[in-house]
Amino acid sequence: MKLDIGKTTLTSSLKKLPFSYVLNELFHAHSAQVLVDARSIKTGFNLNICRTNYQLKELVERGQIHHARQLFDQMSHRNSCSANMLISGYVKLGDVDNARKLFDGISDPTAVSWTILIGGYSQRKRPIEAFKLYREMCRYGTVPDHVTFATLLSGCDETVTGKEIVQVHDHIVKLGFDSMLKVCNSLVDSYCKSRSFGLGFRLFKEMPVRDSVTFNAMISGYSKDGMDQQAVNLFKEMQHLGLRPSDFTFAALLCASTCLDDVGLAEQIHGLVVKANFVSDVYVGNALLDFYSKHDCMDDARKLFDEMPELDGVSYNIVITGYVWNGLLKEAFGLFRGLHLTRFDQRQFPFATMLSLAANLSDAEMGKQIHAQTILTKADTDVLVGNALVDMYAKCNRYREVNVIFANLSHRSSVPWTALISAYVQNECYEEALAVFNEMRQTNVWGDQATFASTLKACASLSLISLGKQIHSSIIRSGFMSNVFSGSALLDMYAKSGSLKDAILSFHEIPNKNVVSWNALISAYAQNGDDKATIRSFDEMIQSGLQPDSVSFLCVLTACSHRGLVQEALWFFSSMTETYKLVPKKEHYASVVDVLCRKGKFDDAENLITKMPFEPDEIIWSSVLNSCRIHKNQDLAKKAADKLFNMDVLRDAAAYVNMSNIYAAAGQWHEVGKVKKAMRERGVKKVPAYSWVEIKHKVHVFTANDMTHPQSEDIRRKIDTLGKRMEEEGYKPDTSCALHNVDEDIKIESLRYHSERLAIAYSLISTPEGTPILVMKNLRACTDCHAAIKVISKIVGRKITVRDSSRFHHFKDGLCSCEDYW
């Protein structure tokens, strides 16, 4: 009779021998340093395979996988144990791809073979492939055991759906492994990691036996998903049952305390940590450090850090990051230098945090030094460090370096894309930001709420409402509508695109409104010149239980400035300091100075300027100069101009242009010439005025007297036709706005073709009758254009909205929302 076991057959010589004799021979071989594999019975007692498998095992254990593979390839006969050992060797070294190639070459893999490879995928955080392999195993007909299930479930994360885990759960029940505590614990943990808390908690309640591992899985799951109170309640139940918490329990609870902002709870947990003798556990110690550092308790954090019997690189990272967050830069640098004297893995140093610090300080030299360290330690290949490098160079305006690093990133998630978009937005390069966003979408990378918030800001600045609406749809599909920052960014986009109605709707769609969302609403009303709604929203925010911050006050002060509400502005400025104990910034002083000067209260404005705790800047003196032009206060205008002309840095030539206009309005052309000469000598240039409109998803830009547009002849004909109708309505050009020493007719002609009028004319010939028109302008509109657009709105019967550099003007039926105060 022939006995087949696996692929081998008992040799005829062995079959003739008594079984006791064979065993004696095997034991003798073992005494001669020849290991008999426990599975040798499957090889037909082939001693050569047993001997080779022993050598294979030795090579694998020493990590000599290359030599192990050579030996494996030379084996004339192999068994499943041979292949499993080599697959396991590849897996231990993290080389899952070669493990898979070897596995695919096995004609009859065992359950152990499948389980080893599944474990490889799970350990390398590739759960999707692990589950795919498990399904192949089932189709192949190999029956999994409890080790297979525990191994498969150990690698679950949020990429695995609850539905997939339910299918595995059903298989576990079918095979009768649902009574095993270890398997059930793995299931509970998997449900939590896939955020299927309802299913996880139901299994948790149904388990006849639960241990500390079971509770730890649920507590950690609740904590990671922000269900912090549930995590605390479960811990109380765990204590009541007398189960011993582990280091994972305490870490999860401290994380929950951080999110709950409950210092008292954290102190109680700290006491339990000491009582349970986990105070020397570095994992728990780091969780405590993390809590204290995030709650402005850096003294406590540093004291704990100095007392911890064991530290690791994470300990240093937490404290250094805490110092950075709390603005203690000297302490952060000191500890970072101290970290270099340790023996911890330099690749794990908090390079990302330090690069973030360099980015926020716009310190390119500091960033380059840290970059050099990341290259030396090969940490620059880390995803977080790579993303931080993109962010740092982008915020330092080093776009050449950004492009090199970005191109070499091994993995481009939404993070580096967002960093680049945000940097362009912060530097007011809005078109470049939108180009990067479009490129990101073309590579099938889906943004997060930060991506959408930055892109919406670019849309808002350019008033691209059509693109903003597309992003609005993407936010809805992504499920970010409940995010307060996405909602606030949407509100701001609609408000700055002239659609106040949509802005208000966006505000009401935000479920949990905070100060940011309220500020966005208050700002929307302020930009549109609705002082009553601005102040009402400010009061409603306070009534909701929220405290206004410096941004809130800046919004209401801006609204007061736009409407000339002097007393109200002074009252808000006073309550800011006296009632809410906020320290006014330059922007707040600038708003109050502006409202005083606009009303001609120059003495009060100068008095406030002298009382400021800092030197007035370009914005404040520019505000004074502009008001002097309106009120024809030439003496104070000269003083303000001198202050501006003597500044080391000026953003543009606005100060020279304003002073030149003041002299021109007074007919002092000699002084005009002197100012223009000084402007040329300094090398500053006047910012050219331009306006733009979005028609059929395309932006059309116009400058004064523009003849470059393809439809420029049609545009001019429309302007000429409107001009005749405007004269009939009693419009007379205000040639004081044409500040040139030329004939009156030439002045009138130059006013006729200002950029905003060209944009309006193009909109009128390109859109159906009755359609609202939105025009954007980079500078303030002149008084003549303001008067002309009022008349045009009456003639064409359309609502015309113009957003200039200061605010919105809503024109309708011959009137403007600003009531001619602007």
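Note that Cβ sites are derived from N, Cα and C of the backbone, with glycine treated the same way.
Under the heading repeat 'PPR', TrEMBL lists 110-144 (among others). Note on the repeat 'PPR' (110-144): residues 80, 83-84, 87-88, 90-91, 94, 96, 99-100, 103, 151-152, 154-157, 159-160, 164, 168, 171, 175 of its chain, located 6 or more positions outside it, place their CB under 8 angstroms from a CB of the stretch.
Taken from TrEMBL, the feature repeat 'PPR' applies to 211-245 (among others). When DSSP labels each residue, the repeat 'PPR' (211-245) comes out as 26 helix, 0 strand, 9 coil, counted as helix, strand and coil in that order.
Long-range neighbours of the repeat 'PPR' (281-315) within the same chain, counting only residues 6 or more positions beyond its ends whose Cβ lies under 8 Å from a Cβ of the stretch, are 247-248, 250-251, 254-255, 257-258, 261, 263, 266, 270, 273, 321-323, 325-326, 328, 331, 339, 342, 344-345, 348-349. For 281-315 (among others), the entry in TrEMBL reads repeat 'PPR'.
Taken from TrEMBL, the feature repeat 'PPR' covers 413-447 (among others). Across the repeat 'PPR' (413-447), DSSP classifies residues as 26 helix, 0 strand, 9 coil.
The annotation repeat 'PPR' is assigned in TrEMBL to 514-548 (among others). Residues 484-485, 487-489, 491-492, 494-496, 500, 503-504, 507, 555-556, 558-560, 562-563, 565, 568, 580, 807-810, 817-818 of the same chain, all 6+ positions outside the repeat 'PPR' (514-548), place their C-beta atoms under 8 angstroms from a C-beta of that stretch.
Secondary structure of the repeat 'PPR' (652-686), assigned with DSSP and counted as helix (H, G, I), strand (E, B) and coil, comes to 26 helix, 0 strand, 9 coil. Residues or ranges marked as repeat 'PPR' by TrEMBL: 652-686 (among others).
Here TrEMBL flags 730-822 as domain 'DYW'. Mean pLDDT for the domain 'DYW' (730-822) in this predicted model: 87.
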